[in-house]
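One structure is given below, encoded as structure tokens.
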């Protein structure tokens, strides 16, 4: 009984490590891991405080040693008629992908997998559909299943790299694209996606002043400040004596956040900021209404919300 409890304790520790791993799982998956951990602790009457049940190696290391060199077992091959039907379902799914009907494509790929679970192409195509639906973690899992079946399946590595890029896991994306290029050195799509992932990895967390690009509802702030018309308008506005007086009162009379202003000035710093913003908006509307309309469209999501999407460089899923 003690050995069994030690095994369960090792499983609980593994589940808790997976929960704690940053960005490794979706929020729903982490919640499921937590439930599994709690159920095991309840069923076997143990807790994470039972340190005497710990073993010297992590469960992953023990498992890796025990299964070293052992190939994955495939499910029994389906009858020919099921394989043929699965291929037809896959083709129908590809047709839906071309029509951008991604939910229907996922359903058809899933039906194909149910009939022939040994076909890695079905998983890889479903991964592409999941990515189009922004189910990027599901796409990663499908790619991993495809790679389990065929470790040399370059397209699965490529699609997994795209999914990792979409959730800002650029280190993992670089690893995937590197592996894809090892298998297909001449593939231009993998080359360009690898370069993009490397650039993202090198700039993540440390953008320089010239690289700052803060999207606000689709608004490209880098382009905003590099726009000559906008800078001319700002210069003109800051030269306006009324605006200078308002800003001077705000800085001198606000007395900090929530402070009380002097007589004739803004009653507090927040109201002063709102007044300055209103004045700025009025001046912008009068000076350049077309620019204001363009900015409004960007703020409402009319701009490009996903510049440089690497998925644009990926071959369509309906090629297999």
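Using N, Cα and C of the backbone, Cβ positions are placed for all residues, glycine too.
Note that this is a predicted model, so its numbers are computed, not measured.
What TrEMBL lists as compositional bias 'Basic and acidic residues' is 71-93.
The domain 'SGTA homodimerisation' annotation in TrEMBL covers 4-64. On the 0 to 100 pLDDT scale, the domain 'SGTA homodimerisation' (4-64) averages 86 in this prediction.
Secondary structure by DSSP for the region 'Disordered' (66-93): 16 helix, 0 strand, 12 coil. Residues or ranges marked as region 'Disordered' in TrEMBL: 66-93 (among others).
Positions annotated as region 'Disordered' by TrEMBL: 283-320 (among others).
The feature repeat 'TPR' is assigned by TrEMBL to 86-119 (among others).
According to TrEMBL, the repeat 'TPR' annotation covers 120-153 (among others).
Broken down with DSSP, the repeat 'TPR' (154-187) shows 27 helix, 0 strand, 7 coil. Annotation source TrEMBL lists repeat 'TPR' at 154-187 (among others).
Secondary structure counts, DSSP: the repeat 'TPR' (120-153) has 27 helix, 0 strand, 7 coil. Broken down with DSSP, the domain 'SGTA homodimerisation' (4-64) shows 43 helix, 0 strand, 18 coil.
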